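Colleague: Take a look at what TrEMBL says about it:
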type	residues	note
DOMAIN	87-303	domain 'YjeF N-terminal'
BINDING	Asn137, Asn138, Gly139, Gly140, Asp141, Gly206, Phe207, Ser208, Phe209, His210, Gly211, Ala212, Asp244	(6S)-NADPHX binding site
BINDING	Asn138, Asp202, Ser247	K(+) binding site
Amino acid sequence: MRGVLGKSRKMICSLLSQAPVSPAYYYRSSPSIYKPKPSNRFSWGFLAPIPSPAIRVFCSKPGEVGELMASSVQNQGSISYLTQREAAEVDETLMGPLGFSVDQLMELAGLSVATSIAEVYKPSEYNRVLAICGPGNNGGDGLVAARHLYHFGYKPFVCYPKRTQKPLYSGLVTQLESLSIPFLSADELPMDLSKDFDILVDAMFGFSFHGAPRPPFDDLIKKLINLHYYEQAQQKSPVIVSVDIPSGWHVEEGDVGGDGIKPDMLVSLTAPKLCAKKFSGPHHFLGGRFVPPAIAEKYKLQLPQYPGMSMCVRIGKPPQIDISALRENYISPEFLEEQVEADPLDQFRRWFDDAMAANLKEPNAMALSTTGKDGKPHGSEIRALRAPAPNGILKKIWELFKLWLNFLKNFAFPSTKYDIHACYLSSSRMVLLKGVDKDGFVWFTNYESQKARQLSENPHAALLFYWDGLNRQVRVEGSVEKVSDEESEQYFHSRPRGSQLGAIISKQSTVVPGRHVLHQQYKELEEKYSKESLIPKPKYWGGYRLKPERFEFWQGQPSRLHDRLEYSPQETDGKRVWKIVRLAP
């Protein structure tokens, strides 16, 4: 009937999405970006929908930097499929000896359906959703999905022609009515659903249904079938999302006559049913993360691994995608000159607070770009130039090569900056911001790493923060210097003990024979310092501070008319002030 999802923040993403967090949750005046400020994070103003980008971040970006909700694609042939009898037995076991209630399973199933939809069909393009709900548990899944879709930023409508008077279902209806979600009767629906809706959720009948659909569901199923013919006539058609079983299909044999509903997405629950093997649409998801070992062993279930804290996993290969056609039409508030802070560090703190309040994963992650000693925008020396110095005949060839370069530089092309460093490449990597104050941005690393060598040659760098859920990025450029030994020492000992040991072991950017070597060294260090309360900081580890000399704040906008405000310093009456200009998108 439905899937059961693991205990994680994903299980309550609807509740958290309803609870706005004040940007003041973190002290703006604190020198550390990690000092929490006590706050009542929940509010009774939870009935308003929140912007969809933040929901996509919360529901689609679990504990992986980047693991997306459906980023794990499973081979369809390696997954188990349930018969109708097995599916019923699994449900009975879940709601019997395993202690799950119907409303728990229904909540988890509806949430997995909603997050699957949000993963593929973004509300900026597919906003109007009609959930067609039957009288049983499958219909209850649809009602729950409609509630979550509302909070995800969609505009749901519900057709629930045969209401069940049980308290569970009455409560779901009350919840939807409290959100002012419209209920439409079957008679109020147009014959052609393609004009009024972008997504149709088929939640009429599940695997326990027997016999032929009775009115008004027979006509509703025909309306969904007719959409296939509109599509063949090259008319715009809404996508169909079926919950567990496409209504009208045989649970095991599928669309027997070949003229049934042809959904674009199927969200199987707990485990796919046999009919799912006949599904040929582009998107097949599985929701139902928590399957107890006893059930898996009894039915010999082979189920996919859910990445991170994901609620759903894609089954089979995703559709072929034209990369050049991938685009996002950003919907964001305007970013105007008269609204920004005069000091770019204050503006950065405002945006950082917003990223924290939106519950983005690792908002302090930043791309650090460095250059080599030539000072060009392509900094790291290619590995070929790091080879041992040539000798013998190779040495003579190398000397001739340098003479030839010198000739090109001074005689053949005197205006061209040809030199031995012309083979330098760019060098960028992700690091974590660990402090921001009036003096700049701080991070910590190994002083013998590649980036450290480059910074010793050319103490200038660029930082890039990207906050996808808010359609924002910040670029910072400036000079770099090491922080004091005291500051490095203090931060080193604030880290978890395992991280301290890892910093000692890691000779960053050097070749390691294998991961087993790191584990062995870690074990040895762990034993060495097992009786020591304080692990000494290695001399080759510490922090850097970038003192900003230029900022750019970028806010995505519709039609690529993005907001870009640049801060650059200038002298006014002997004082350093920041000049703000708008750049073309």
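Here the Cβ of each residue, glycine as well, is placed from N, Cα and C on the backbone.
Just so you know, TrEMBL annotations never went through curation; they're auto-generated.
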Colleague: Could you tell me the mean pLDDT the prediction assigns to the domain 'YjeF N-terminal' (87-303)?
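Modeller: Overall, the domain 'YjeF N-terminal' (87-303) comes to a mean pLDDT of 91.
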Colleague: In Å, rounded, how far does the Cα of Asn138 (K(+) binding site) sit from the Cα of Phe207 ((6S)-NADPHX binding site)?
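Modeller: So the Cα of Phe207 ((6S)-NADPHX binding site) lies 9 Å away from that of Asn138 (K(+) binding site).
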Colleague: Around the K(+) site formed by Asn138, Asp202, Ser247, which additional residues qualify by having Cβ within 8 Å of the site's Cβ center?
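Modeller: Here the nearby residues are Ile132, Gly134, Gly139, Gly142, Ala203, Met204, Phe205, Gly206, Ser242, Val243, Asp244, Ile245, Pro246.
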Colleague: At a 10 A cut-off on CB-CB distances, which of the binding-site residues Phe207, Phe209 has the highest count?
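Modeller: Per the Cβ count within 10 Å, the most buried is Phe207.
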Colleague: Within a 10 Å radius of its Cβ, which of these binding-site residues (Asp141, Asp244) has the fewest neighbouring Cβ atoms?
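Modeller: It is Asp244 that, of the binding-site residues Asp141, Asp244, has the fewest other Cβ atoms within 10 Å.
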Colleague: Listed (6S)-NADPHX-binding residues Asn137, Asn138, Gly139, Gly140, Asp141, Gly206, Phe207, Ser208, Phe209, His210, Gly211, Ala212, Asp244 - what's their greatest C-alpha to C-alpha distance in Å?
Modeller: 21
Colleague: Fewest other CB within 10 angstroms, which one of the binding-site residues Gly139, Gly211?
Modeller: Gly211
